[in-house]
Structure formats: structure tokens, C-alpha cells
Amino acid sequence: MKKSKRKFFQQQLKKLNETEKKQLYKRAANLRKASQVDAMKRKHSFRSRIDHRSNWDNESNFEKKKKTPKMDIDDWALKVLEEEGIQTLRETCRHREDLGEYSEKYYGMIEEVMPAESLVYSEGRDVKCIIGPEFSMTQKSDLAVGDNVYFSYAKDGTAVLHSVEPRKTCISRPDPTKAGIERVTAANVDKAVIVAAIKRPELRPSLIDRYLIAAQKGGVEPVVCINKIDLINEYAKEKEMEVLKAYQEIGLKVVECSAASGLGLDKLKESLASARSVFVGHSGTGKTSLLNRLCPCAEAQTGSVHNGTGLGRHTTNNSKLYHIENNIWIIDTPGIREFGLWNMNPDDLKWYFEEFDYFAENCRYSDCSHTHEPGCAVKQAVEENQISRTRYQSYLRILETISKNSS
Ligand SMILES: Nc1nc2c(ncn2[C@@H]2O[C@H](COP(=O)(O)OP(=O)(O)OP(=O)(O)O)[C@@H](O)[C@H]2O)c(=O)[nH]1
Ligand SMILES: [Zn+2]
């Protein structure tokens with residue numbers, strides 16, 4: 001290092017506080033060690049070359065030529081200051097102060113949330129994390145599968161979760177038992193695959209409509225997946241599919257498949273490529289069976305439906321994230337009985353039935369709710385089969401429920 005430069009960095013060194021100096025000398029010692037190891041390696045590889053080439057200079061001559069002036073620890077400290085800069089050093093110190101007794105922070109994604117801990121996927125590994133104290137104090141809603149988080153290791157090796165990044169997208173609903181509490185089914189998902197069965201349990205379009213609204217609200221692209229098509233013949237299928245035409249007409253992707261026979265699974269897989277998706281729907285529709293078919297290594301537990309009612313037995317009881325080839329990520333969720341809508345204003349509901357928009361422009365009243373008003377162009381479109389009656393009835397039913405809940 002030139003004299004003038006050396007003087008400059010010596011002055012910078014004087015400006016550092018004790019912690020910063022300590023950090024600087026630690027870096028310097030590490031660098032010196034690394035350089036010594038490097039020199040040893042070079043020497044070793046030089047020796048082996050000498051063994052193979054007899055016409056090389058002898059070793060001592062070579063080493064003499066390569067000799068550089070010996071550096072003491074202060075020189076190494078100045079070298080660190082020169083190469084890394086005083087700013088980086090100060091930031092590192094601040095970062096370490098924030099972390100206190102913990103290791104550096106790691107980034108990961110929640111795979112499963114358990115009562116006292118969470119499973120986090122980070123750099124190709126599954127890490128069990130406990131919730132850090134400052135995290136429990138600042139976190140307003142619960143953690144959800146798909147959340148992106150930061151964690152670090154405490155001195156005893158325990159992984160501790162510190163913070164969660166704001167969610168980009170989510171599927172959520174009100175807690176069915178505690179009013180006013182939001183339950184996030186999945187966070188940061190690109191797609192919501194609404195899994196319904198053509199039979200056993202019976203197809204319920206109103207549930208599909210509710211999920212479609214939740215997906216739109218949460219910024220998630222919906223895909224309608226009709227499973228168990230092996231259970232009905234072509235004629236019956238056509239009749240059932242008539243109901244689903246309304247979804248195709250509003251531009252939704254509808255995939256028919258069978259986890260049992262494998263039919264349509266390629267199409268389903270295609271629509272999941274390079275995305276993080278969540279499987280949602282009633283219990284027993286075959287969400288876990290589909291997951292197992294797409295990813296045999298998942299080996300998730302499935303359960304039979306009731307013989308008489310055809311209803312599911314709520315086999316999956318915890319949401320879990322699975323990684324499948326082709327950069328496909330799937331969150332399997334427990335089946336639900338009812339799906340409520342979180343934070344939905346009754347006046348806004350109509351905007352989530354986008355096929356109404358075109359006709360609503362001609363309603364007599366600009367704030368028409370399309371329920372009882374005279375001159376409602378949406379109701380007329382339903383009468384004329386231009387809007388699906390099933391979808392309209394869904395709208396009325398959902399409106400009634402959320403109006404009751406919000407009054
Ligand atoms: N015939 C037929 N049966 C299926 C198909 N897919 C799933 N099943 C059966 O349906 C039952 C329920 O399947 P699961 O995969 O456990 O359903 P689930 O939606 O994950 O249920 P929950 O975990 O309770 O939400 C099981 O007996 C499956 O074998 C299918 O495509 N055809
Ligand atoms: Zn109207």
C-alpha cells in the first residue's frame with residue numbers, strides 16, 4: 001500500500017469506535033488466516049509440479065522470487081478498510097447489534113405451522129423454528145403457510161423466527177368460531193386451485209363462487225378443478241358440466257380430472273407449472289389424492305368419504321407446502337364445511353361477479369344491488385339466460401349472508 005493511502009486509512013481507523021475496531025480486527029485475522037491457507041496450498045501444488053517437471057527452477061529460487069513483504073495484523077486491518085470500506089464495516093456492526101445473541105439471519109418460506117413451532121424451507125433444507133419473542137409481540141395475525149420469513153440460530157443451535165415479510169397475495173377467511181379474526185389459508189400463492197368433485201361429495205357451485213371471490217380479493221389467480229370424473233358416464237358428465245360452463249364463459253380455467261384414473265392430470269400439472277398454488281375445497285373432494293398423484297413422494301394421508309352421505313371425513317388437518325418438480329409448489333389444505341368471506345362489504349359484492357358489469361350499465365339506478373330494484377338489467381339478463389342463473393343465485397345467497405353478518 002502506498003504511503004499516502006496508508007496514512008488515509010490509518011486516520012479512518014482512528015475514527016472507529018471500540019465495537020467497530022473489534023469487528024475490523026476480526027475480519028483482518030480471518031483474512032490473514034485465509035491468505036496463509038492459500039499460500040500453503042500454492043506451495044503444495046508447486047511441489048507436486050516440481051515432482052513432475054525436472055527442468056523447473058529449484059524450489060528455493062522460485063520462493064525467493066515470489067516473496068512479498070511480511071504483513072502484520074495492522075496491515076491486514078488497513079487492507080480490510082481499503083477493500084471493504086468503512087461504511088460496510090459500520091453496517092455489519094449495526095446488523096450484529098440488532099441480532100444480539102443470534103447468528104446471522106436466514107431467509108425461508110413457511111411449510112407448515114404447528115402449535116409451538118413452524119417448519120421453514122430454506123436453501124434446500126427444512127428447518128424447525130420456534131417463534132422469537134420480538135416476533136410474537138409485533139405480529140398481528142397468525143403465521144400462514146407460504147409466508148416468507150427471516151430466522152436465525154441461537155447459541156444453543158435452536159432456530160428462532162424473527163420476522164415475516166408483508167404478504168403479496170393470500171387466501172383468507174374469517175375464523176369460523178371467533179368473530180373478527182382473520183385466518184389466512186395460504187400466503188404468497190400465485191394460484192388457488194378450487195377442487196370440487198363431480199360426485200361424492202356433491203358439486204356445490206356456491207362454494208366455488210365464494211372461493212373465486214376470496215381469490216380475487218387476495219390477488220390470486222383461480223383455477224377450477226373438477227375431480228372424480230371417473231365416477232360418472234359421459235351423458236351425466238355433460239349435464240354437470242353445463243353448470244360449469246358459466247365459469248369458462250367468464251374466462252376461468254376449468255380442468256376436469258380424476259386422481260383415481262389419472263385422467264386430466266397432465267393438464268392440471270401444466271396449469272401449475274412454475275407457480276405456488278394452494279388446493280382448497282370441501283372435505284373429501286380429493287385434494288390430497290391429487291397431490292399424491294402429482295408428487296408421489298408427498299405420501300400425504302387420504303381418507304374415504306362416508307358411504308351414505310358422500311361427505312369427506314376431514315382427513316387433512318394442517319396445511320402443508322410440498323415442492324414438486326418443474327418448480328411446482330403446492331399447499332394442501334384441510335377441507336372445509338363452510339367458507340365465509342373475510343372483510344366483505346355487501347355493497348361491493350356485485351363487483352366480484354364480473355359478468356354482471358356489462359348489463360349493470362343499463363340498470364335504472366346507478367347503485368342498483370340487482371336484487372329488488374325495478375328496471376334491473378342484470379335480473380333481466382338472468383331471465384334471458386345471458387347470465388348464469390346458478391351464479392346469480394349464488395350472488396343472492398352470499399349477499400344475504402354477508403348482509404346479516406355485517407348488520
Ligand atoms: N373415484 C374417485 N375417488 C377419489 C378420487 N380422488 C380421491 N378419491 C377418493 O376420495 C376420498 C377422499 O380423498 P382425499 O384425497 O382424502 O380428499 P381431501 O379433499 O384431501 O379430503 P380432506 O383432507 O378431508 O379435505 C378418498 O377415499 C379417495 O380415494 C377420484 O378421482 N376418483
Ligand atoms: Zn340491477
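Cβ atoms are placed via backbone N, Cα and C, with glycine included.
Model, not experiment: these values are computed from the prediction.
Site annotation for Zn(2+) in TrEMBL covers Cys363, Cys368, His370, and the matching candidate from Cys297, Cys376 is Cys376. Using the Cβ center of Cys363, Cys368, His370, Cys376 for Zn(2+), the list of other same-chain residues with Cβ within 8 Å runs, in sequence order, Ala360, Arg364, Tyr365, Ser369, Thr371, Glu373, Gly375, Ala377, Val378, Lys379. Of all the binding-site residues listed (Lys287, His370), His370 has the fewest other CB atoms within 10 A of its CB.
The two recorded residues, Cys376 (Zn(2+) binding site) and Gly281 (GTP binding site), have Cα atoms 33 Å apart. Looking only at Cα atoms, Gly281 (GTP binding site) sits nearest to His370 among the binding-site residues Cys363, Cys368, His370. Residues within less than 8 Å, Cβ to Cβ, of Cys368 (Zn(2+) binding site) and separated from it by at least 6 positions along the same chain comprise Ala360, Cys376, Val378. Only Cys376 of the binding-site residues listed as Gly281, Ser283, Cys376 bring a Cβ under 6 Å of any atom of ligand 2; the order follows the sequence.
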